[in-house]
Each structure stands twice: as structure tokens, then as C-alpha cells.
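Peer 1: I have a structure here, written as C-alpha cells, and I will follow up with some questions on it.
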Amino acid sequence: MDTYDLIMRNAEEVVTDEEVRELADDPAGKRAYVGYEPSGVLHLGHLLTANKLIDLQEAGMEVVVLLADVHAYLNGKGTFEEIRDTAEQMKAQFVAYGLDEDNTEFVYGSEFQLDEEYTLDLHELELSTTLNRAQRAMAEIQGGETAKVSHVVYPLMQCLDIEYLDLDLAVGGLDQRKVHMLAREELPELGYDVRPALHTPIVADLTSGEGKMSSSEGVTISMEDSTDDLEEKVNSAFCPPTRDPEGDLENPVLELFEYHVFPRFEEVVVERPDKYGGDLTYEAYEDLAADLESGELHPADAKGTLATYLDELIAPGREKLLEIRD
Ligand code: IYR
């Protein structure tokens, strides 16, 4: 796969395509990042952006993971001590999952976000950004409770991170898009460069195919799940034979194959007894999706296979988690 295609694989959108093409022409030494509010157990939402970071490492870029402790604090996720403990667990799981430790820089937000220069820049942004704009940027990130002043400081700091970590590309789920658009507008006001952003899709809820799979509601797959948990969750997933039967429902089983399994495995083997046609081997997601649609691949076989591959994917992180908790 060429560098541009690797960078773009499974991206929902990039802003702008032209800027990303420029990066793809000369990726060596270029820096990309994702920031995460520390959470003790990684779930598939985290792994979607982690897969993208692994793609970017493969494309020759340097990868920074921001353990956003100050952001988590501003978003009401606990005391600094609690958040730091959680962040260490998170880091260990990312490495176990496959982020190349020698090529990944893990940075705590508090390492640079409390410096004087950063703080003064933050105040300048506070002065130039309307409350309304900052709240809109935060709407998809904040968890619904009454907005506090901290919730409008949060997106402004996220904008500054792009400059202070000296990045060439900001990566995040689609829910981060408004913050990245704010950054593109506001950073030049402070005399800093505009950087491109890449957004990964939001995976639909597993049982309904609607909305998004999140850690707070509905069924989520995480590194905590045992082999049996995975089987049970995947078996109860919504899996219509077509990807988009009426235009507004997704097939979460296909999404998980596309975004999680195919990027990490060379081929996917569906094991079937000979009397049901024998094993099927797929090298590309599109072929598997086409077989599900045509009826060649039964949803039950697709689900069983998905559970097996997801199990293999999360096994190292699950072991790490058990080790940490011992
Ligand atoms: N807003 C993210 C966390 C975060 C991301 C980046 I990129 C930052 O620079 C800082 C924080 C979330 O919703 O988890």
C-alpha cells in the first residue's frame, strides 16, 4: 500500500486532503498524535485511533500519545493521583496492543501544560474565543452534565497541545473534529502554523447498529473481556446481511472487521465444516462484506470468526491488565 493510502486507510475524513498528501510525500520524522483522557481499561474506541497510529508508524512517522491528565481532571475524571495511576495502566495496555515502544513518545499533559508560556498562550486564546464557540467545540466530548468553566478551557488547551508537542498531524475520533477546526482557526492568531487533522469513524452500537459504541452506554468490547464475554457480545450483535439496509443503520460486525481485524491481520480465515462449504479465506474486507451480502457467508459464521480475531487482538492487553492488577 502506498504511503498516502496507508495514512488514509479507515479515515472518515481528513482536513485537508491536500495537506495530508504533502505529509505523505515526505513522512520521515513527521509527528502525529492522539490524546486520551486516561481510563483504566482500553476499549475498542481507543483501539480505533491506536490502529491509525500503528499505520502512521508503518508509514515512517513519529507517533506521540498524549496521556491527557490535565484534560481528564478538567473533565471531572478524578484527582490527579487517580488519573496518573490510570494513565500508567493505559500506557502499558497500548504497548501490549502493538504500539511500537521505541517509536512512540508517551507524554503526560501536565509535563508541559502547566508551564508559564503555555498558560499565557491559553489566556490569549481565552480572550479571543467566544464562550459559545468553545462550548460547541466541547459538545461531543463532555459527558452531558452541566457545563463548568473547565469545559471551555479544555478545548482551548487541546488546540495548544498541537503547537506545544510540535506536531504535523492531529488524529482523533470524529468527536474531536470541532476542536481541531477551532485549532485551525485560532493557532494562526497566535502566530502558529495550521496543522492537518485526521478523524477516525465512530463505531455503531453493537446491538442496535445505531448511534455510537461507547464505554458509558450499551455494549462495549474492552481489554477486560474474556474469550467467553467476547463470544457472547459478538453473538448478540446486530448483523443484517447488507451493510446499510435502510440508509441509517450500520452493521457493527462488518465495521469491526473493517476497522479492527483487517488492518491488523494479513488474512482472515472463516472456519467451516466441509459440509457447509469448507473454510473461506479473505485478504480484503470488501470480499468478506460482499460474501455476507450475497449469502455465501452466514452471519453466524461471520460472528464466530470476528469473536476469534478480536480475542487474539485484545489478548496481550488483557494479560497486561491482569498483571498490573495482581
Ligand atoms: N479530547 C480527547 C482527549 C484529548 C485529546 C487531545 I488530541 C488533546 O490534545 C488533549 C485531550 C478525548 O475526548 O478523550
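The backbone N, Cα and C atoms fix where each Cβ goes, and this holds for glycine too.
Pulled these from TrEMBL:
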type	residues	note
BINDING	TYR33, TYR154, GLN158, ASP161, GLN176	L-tyrosine binding site
MOTIF	38-46	motif ''HIGH' region'
MOTIF	212-216	motif ''KMSKS' region'
BINDING	SER215	ATP binding site
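How buried are these features, and what lies next to them?
Peer 2: Spatially close to GLN158 (L-tyrosine binding site) yet at least six residues away along the chain are GLY35, ALA68, HIS71, GLN176, VAL179, ALA183, judged by Cβ distances under 8 angstroms. In this structure, GLN158 (L-tyrosine binding site) is part of a helix by DSSP.
Residues 67-69, 72, 77, 83-84, 86-87, 89-90, 93-94, 97, 173, 202-203, 213-215, 220-224, 256, 260, 317, 321 of the same chain sit 6 or more residues outside the motif ''HIGH' region' (38-46) yet have a Cβ under 8 Å from a Cβ within it.
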Peer 1: Which whole-number mean pLDDT does the model give the motif ''KMSKS' region' (212-216)?
Peer 2: 57
Peer 1: List the same-chain residues at least 6 positions away in sequence whose Cβ sits under 8 Å from the Cβ of ASP161 (L-tyrosine binding site), in sequence order, or say none.
Peer 2: TYR33, GLY35, LEU66, GLY109, GLN113, LEU167
Peer 1: Over all pairs within TYR33, TYR154, GLN158, ASP161, GLN176, the annotated L-tyrosine binders, what is the largest Cα to Cα distance, rounded to whole Å?
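Peer 2: This binding site's residues have a maximal Cα-Cα distance of 17 Å.
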Peer 1: I'd like to verify something. Among the binding-site residues TYR154, GLN158, ASP161, which ones have a C-beta closer than 6 angstroms to some atom of ligand 1?
Peer 2: GLN158, ASP161
Peer 1: Note down the number of other Cβ atoms within 10 Å of the Cβ of TYR154 (L-tyrosine binding site), including every protein chain shown.
Peer 2: 24
